[in-house]
Each structure stands twice: as structure tokens, then as C-alpha cells.
Amino acid sequence: MAARLSTALDVHFAVPQSDTKRPNFFTKRVNRQNPRQRFLISCKSSSKPPQNPPQSPPRKTQSLSEQLQPLSTTTLPKKDQTFPSSNPKSTWVNPSKPRRSVLSPQRQKRSPHAFNPQLRELKLFAKKLNECDSSEGAFLSVLEEFPHRPTRENSLLVLNSLKPWQKAKLFFDWIKTNNLFPMETIFYNVIMKSLRLGGQFELIEELADEMVRNEIPLDNITYSTIISSARRCYQFDKAVDWFERMYRTGLMPDEVTYSAILDVYAKLGKVEEVVSLYERGVASGWKPDMVTFSVLAKMFGVAGDHEGIKYVLQEMKSVGVRPNLVVYNTLIEAMGRVGKPAFARSLFEDLVASGLTPNEKTLTALVKIYGKARWEKDALKLWEEMKSKNWPMDFILYNTLLTMFADIGLVEEAEQLFMDMKRTEEFSPDSWSYTAMLNIYGSGGNVDKAIELFEEMSEVGVELNVMGCTCLIQCLGKAGRIDELVRVFTVSIEQGIKPDDRLCGCLLSVVSLCDNREDMERVLTCLQQANPRLVAFVKLIKDEKSTLDTVKEEFKSILSDTKDDARRPICNCLIDICRSKNLHERAHDLLYLGTLYGLYPRLHNKTPGEWSLNVRTLSVGAALTALEEWMGTLAKIVKRGEALPELFSAQTGSGTHKFAQGLSNSFASHLKQLGAPFKQSEDKAGCFVATREDLVLWLQSKIPSSAVTS
């Protein structure tokens with residue numbers, strides 16, 4: 001949104017009295033390198049023991065985590081490093097004591113059931129138990145009709161056939177209470193599986209402790225059931241504890257349990273441990289499955305590790321596993337998280353080329369990526385392909401498409417899709433759909449269609465949400481239609497909408513655009529209902545008697561109560577208000593405070609050959625204030641005769657959205673008014689450059705000596 005620009009040709013370099021308290025923002029920025037590192041695990045072992053080996057005290061048997069710890073601390077990248085793009089297979093060899101495997105490559109075999117001539121009767125009896133009343137009394141009453149004698153084999157068959165975990169537990173307890181035969185591991189395994197389906201991890205753990213007390217051995221299946229149950233119930237720390245416990249007993253997990261524990265470590269964010277376990281498993285002869293690679297891809301995607309995702313693809317290729325649709329979806333979503341749209345597109349093309357049909361999840365992920373990247377051509381191509389190939393659609397995908405069209409500014413495509421949704425009962429537009437359309441019309445300044453849509457929502461019974469209200473108020477504020485703005489806000493409050501920080505920021509931006517005091521007061525009255533503290537702060541910064549310290553404390557308090565993503569926009573709007581009311585010194589104060597509280601990181605950058613100002617995330621008023629602040633700092637440097645680089649640049653961004661507010665145009669216009677020697681770069685849109693010679697001459701000729709005194 002455009003703030004009112006000052007038409008004065010002089011540069012406002014007047015510095016407030018509090019200037020001595022400010023740090024020098026134009027400081028050297030340290031460039032931290034993030035090199036990719038490769039690691040190798042030595043696979044060599046000496047055929048002869050080393051001569052005169054050093055004596056060392058006997059060591060206790062290490063747990064799995066203790067064995068993994070040296071690897072993770074000495075060979076794996078730190079969290080701020082990228083994962084190696086390639087990785088050799090690890091062979092665990094030690095001259096004195098080789099490390100044992102971490103898993104059994106074979107799936108644990110289940111005990112075969114012997115043929116039971118009473119099978120039909122027992123199945124009918126189990127069905128009767130399943131259908132009887134769930135009360136304990138009713139269940140025990142039916143148990144009195146147990147056909148034949150409840151032997152070990154008969155009881156096991158019935159226990160396996162009971163579906164509700166509550167009844168399975170009652171039957172299991174009945175067997176123990178009547179002491180019909182010695183309890184064995186297999187009975188505990190069966191009841192634990194039933195409890196796992198019911199999400200009863202606490203009961204499973206109680207049974208495991210009971211087995212330990214009664215010296216009933218826990219086998220591979222027992223541990224696998226406990227670990228997978230803890231994972232299903234989101235008891236990830238418990239799953240790790242039982243995995244460690246299993247490892248200490250000498251039992252090796254099978255491949256299914258191993259995949260499950262990898263997922264547990266990944267959900268706990270233990271990336272290094274996951275990679276270590278994976279490497280050791282592969283070195284033991286294990287062939288990872290689709291589930292494992294999906295876990296790895298998701299983990300690296302959440303961590304924002306592009307190199308890690310490439311590593312997963314290389315590993316899949318090396319073991320001869322071709323991604324299925326689930327893995328492709330995970331990889332595409334991961335690429336969206338790490339901001340690699342081209343890689344996501346390549347994966348999607350590979351998916352289609354392999355003969356797979358993308359589902360709703362695939363398309364939704366890709367649509368989000370294209371919308372975020374502002375890839376208009378790719379978005380339209382995908383949309384046409386979806387229609388021509390009749391790929392599956394769901395409600396989430398429809399709304400995601402609408403949102404993407406809004407992000408890119410594709411009005412006709414959005415209107416067509418919106419009409420298609422209206423024609424179908426299954427995908428009839430909801431509040432989210434209408435919000436996307438309000439965003440499109442609001443961003444494009446089509447006020448009449450936005451109001452028409454607002455009226456339509458009332459007619460069809462779709463409630464306006466806070467996002468739609470924000471889009472509509474922003475549109476009406478830009479058009480100066482304050483009467484309708486107040487009406488929309490009033491209706492929204494009556495419908496129960498609770499204004500959030502973004503809506504408050506939107507109202508602040510409208511205040512900066514108001515041409516007369518009456519309109520400004522009406523908008524502030526709306527803001528008073530949403531956030532009285534912001535209204536009080538606007539009055540505070542307009543009061544010439546307010547000191548910087550007073551403004552600073554209140555501003556800090558307001559930011560503390562504001563969500564992170566709304567802090568910078570609110571500061572931008574407050575600066576715009578100051579500039580529109582000719583409060584230039586206060587605008588500089590707020591820019592200083594915004595920088596002090598971390599709202600404008602990377603505003604300045606310094607290299608030996610170039611100094612630059614980056615105002616991409618600033619509003620027009622805030623960007624011009626930052627320019628003036630920068631010119632004031634450079635003027636002082638020129639006055640002191642200090643060394644300067646050959647080139648200076650100001651980065652405004654190119655504004656890829658067709659409805660972008662035009663920061664670059666406003667910035668260029670202001671530079672022209674000032675007569676500053678910055679010219680639009682021929683190679684980079686939204687970049688203005690000036691040579692040292694031209695800038696120094698301009699500063700010396702335009703800036704009053706009083707503004708550059710040290």
C-alpha cells in the first residue's frame with residue numbers, strides 16, 4: 001500500500017536529539033561460510049595388532065545411544081551445516097572388538113498354529129463373546145459356556161479372535177485368575193497387539209513390567225509391539241527407552257521395528273541418530289523400504305535440509321528402490337519447505353513419467369509451491385493438465401488453487417474456478433473460498449466486485465472470517481471508501497469476528513492513507529474496538545512532548561503482545577502514519593526502534609567493493625525513511641573523509657505479483673525528486689546503483705553542513 005510521499009525536494013536529514021543513543025546501523029556484516037563437508041568411515045583393519053598397545057581399563061558394554069554418540073559428534077554435520085550429497089556405506093570394523101549389528105535383516109517369524117479340530121466351535125464362541133454386552137458381568141457369564149476344556153491352544157485361539165481390546169483384556173485376566181496353564185510369552189504378545197489397536201500403551205507397559213517380574217521372557221515380537229505402540233500413541237521417548245532396552249538384552253529388531261524406531265528418532269528431531277542408525281542398518285545388510293525413505297525425506301524436509309533430501313534420492317537409487325506415490329508426495333512437500341520449486345517440479349515430472357497418477361495431496365503440495373514462488377506459467381500449465389487429464393480433486397485442492405490464483409493475481413482463472421465450485425454441491429464455496437476471491441478483488445482494487453461478493457456471502461449464509469474482513473477493509477481503505485469500511489467492520493464484529501494483529505495493522509495502514517481528520521478519526525474508532533493500545537500509541541507518537549524513551553518503552557510493550565509475523569508490518573504502518581502527518585523525526589525514531597528490536601534484519605550490507613541498502617520488506621514510507629537515514633550516515637562519513645567503496649546500491653525487489661504495491665516505482669520517483677545519482681540497474685530489476693564519485697559529489701552539494709557535523 002502506498003503511503004503519501006513528501007513532495008519537498010530537500011532531504012530530511014535532521015537528526016533527533018536522541019541520535020547519540022542509536023547504534024550505527026551501517027556496520028560490517030560478517031559472512032559466514034557453510035561449506036559442505038564429506039565424511040568417511042575407515043573400513044580398514046590391521047592384520048597385526050599394534051605393538052605396545054596402551055593399557056586401558058576394561059569397558060562396560062555400551063548402549064546403542066552410547067555407540068552412536070561418538071559418530072554423531074565426530075563425523076556428522078552440525079545443525080547449521082548441510083548434509084553431504086553423497087555418503088559411502090559404513091562397515092563397522094574394529095581391530096579388537098567389532099561392533100555387532102543393530103538389526104536382524106529377517107522379519108521375525110510368527111509361531112505357526114497347529115490344526116485344531118474344535119476350530120469351528122471356538123470361532124462361534126469367540127463371536128458370541130464379541131457380540132455380548134460389554135459389562136464385565138455379562139462377559140464372565142458367557143465365559144461359563146466355554147466349549148470343551150480351556151486348554152492353551154483353545155484359549156490362544158479365542159484370545160486372537162476377540163476384537164474389542166476391553167474384552168481381550170478381560171479374557172486374558174480370566175485365564176490368569178483361573179491359573180489354567182502356565183502363562184507364556186505368546187499370550188502377552190497377542191494381548192499387547194489388541195491393546196495396541198486400542199491405543200492403550202499404559203496397559204501394555206504394565207504387562208511388560210509384569211512379564212519381567214514373573215520372569216517371562218520378552219521376545220523380539222514383544223519389544224516390537226511395545227515400541228510400535230508407543231510410536232502410535234506419540235510416546236516417542238518411551239519408544240526410544242524400550243528400543244535401548246531391547247538392544248541391551250541382545251535381541252535385534254527386525255526391519256519393521258527398525259523402520260518404526262527410525263521414524264521415532266526423526267519425530268524427536270534427532271537427525272544425527274537417524275542417519276547413524278540408517279547407515280549401520282544398511283551396513284548390516286538391511287534393505288530400506290518405502291516407509292524408511294519417506295521418514296528420511298520428511299525429516300530432512302522439516303529440517304529444511306535440501307542436501308539431505310538429495311541424499312535420500314541418491315540412497316533410493318543406490319539400493320534400487322523407485323519412489324512410490326507416498327514417497328513422491330513427501331519429497332515434493334519437503335522441497336516446498338526448503339524453497340526449491342524447480343526441484344519439486346522435476347520430481348513431479350518424474351512422478352508422471354513413471355506412470356503414477358498424482359493424487360489430491362500431490363497436486364495440493366505442488367499448487368502451494370507454485371503459488372509461493374509466483375510461478376504463473378507453471379501454475380497455469382498445471383491447471384490445464386489437471387483439467388485435461390481429469391486428475392482427482394477434493395475441497396482442499398479447490399481452495400488451494402483459489403489461494404494460488406490470488407497469490408499470483410490470476411483473476412480470470414480464479415473466477416472460472418469459483419463458478420465451477422458454485423455449480424457443484426460437493427465443492428460449494430465456503431468461507432475460505434470467498435476469502436480467496438476477496439483477496440483477488442481487494443489486491444486488484446476492484447472494490448465493486450469485492451462489495452458484491454461481501455453482499456453475496458450474507459445471502460448464501462457464508463460467514464466472513466477475519467482474513468476476508470482484512471482483505472475487504474484493505475481494499476476499501478485504498479479506495480477511500482471509509483463509509484463502507486466502517487460498515488464492513490461493524491458487521492464483522494457483530495458476527496463475532498475477533499480482530500487479530502493483521503487486521504489491526506490493516507486499519508493502521510488505512511489511517512496513513514486518510515486525507516482528512518474526520519476519516520482518520522472514524523478509522524481510529526474502529527481500531528479502538530480492536531486494539532485500544534495501538535490507538536493510544538498513535539496519539540503518543542503524534543505528541544511532540546513524548547520523549548524517545550517513553551515511545552521506546554510503550555513500543556516494546558506493544559511488540560511483546562503482537563505475533564511475530566505482524567510486528568514488522570505494524571511498525572511499517574506506524575512509520576507511514578508519521579510521514580503522512582509530516583512527523584519525519586518520529587518516523588526515524590520508529591525505524592531506529594524497529595531495527596533495535598530486530599524487525600529489519602539485513603537492512604544494510606557491506607562488502608569491500610559495495611555497500612547496499614535492502615528495503616524489500618519495508619513499506620514505501622519506511623523505505624524512504626531508511627534511505628534518508630542511510631544518506632545521513634554516508635554524509636557523515638564523507639565529512640570525516642573516510643574510505644568508501646566503489647559502488648552503492650539500494651534493493652527494493654522487483655514486485656513479482658501483478659498487484660504489487662509498486663515500492664520500486666515509488667522509490668524511483670523519490671530518488672528522482674531528490675536528484676540522487678542512483679540509476680535503475682540494467683541487469684537486476686528493483687536495484688538502484690550509484691558510483692562512489694557521483695554519490696560523494698551529490699552529498700557534498702545537497703546536504704547542509706549542519707546535517708553532517710560529527
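Every residue gets a Cβ built from N, Cα and C, even glycine.
Features of the protein shown, as given by TrEMBL:
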type: REGION; residues: 42-116; note: region 'Disordered'
type: COMPBIAS; residues: 59-94; note: compositional bias 'Polar residues'
type: REPEAT; residues: 219-253; note: repeat 'PPR'
type: REPEAT; residues: 254-288; note: repeat 'PPR'
type: REPEAT; residues: 289-323; note: repeat 'PPR'
type: REPEAT; residues: 324-358; note: repeat 'PPR'
type: REPEAT; residues: 359-393; note: repeat 'PPR'
type: REPEAT; residues: 394-424; note: repeat 'PPR'
type: REPEAT; residues: 430-464; note: repeat 'PPR'
type: REPEAT; residues: 465-499; note: repeat 'PPR'
type: DOMAIN; residues: 613-696; note: domain 'Smr'
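Cβ atoms under 8 Å from those of the repeat 'PPR' (324-358) belong to residues 290, 293-294, 297-298, 300-302, 304-306, 309, 312-313, 316, 365-366, 368-370, 372-373, 375, 378, 391-392 of the same chain, restricted to positions at least 6 beyond its ends. In the repeat 'PPR' (219-253), the DSSP tally of helix, strand and coil residues is 27 helix, 0 strand, 8 coil. Confidence for the repeat 'PPR' (430-464), expressed as mean pLDDT, is 92.
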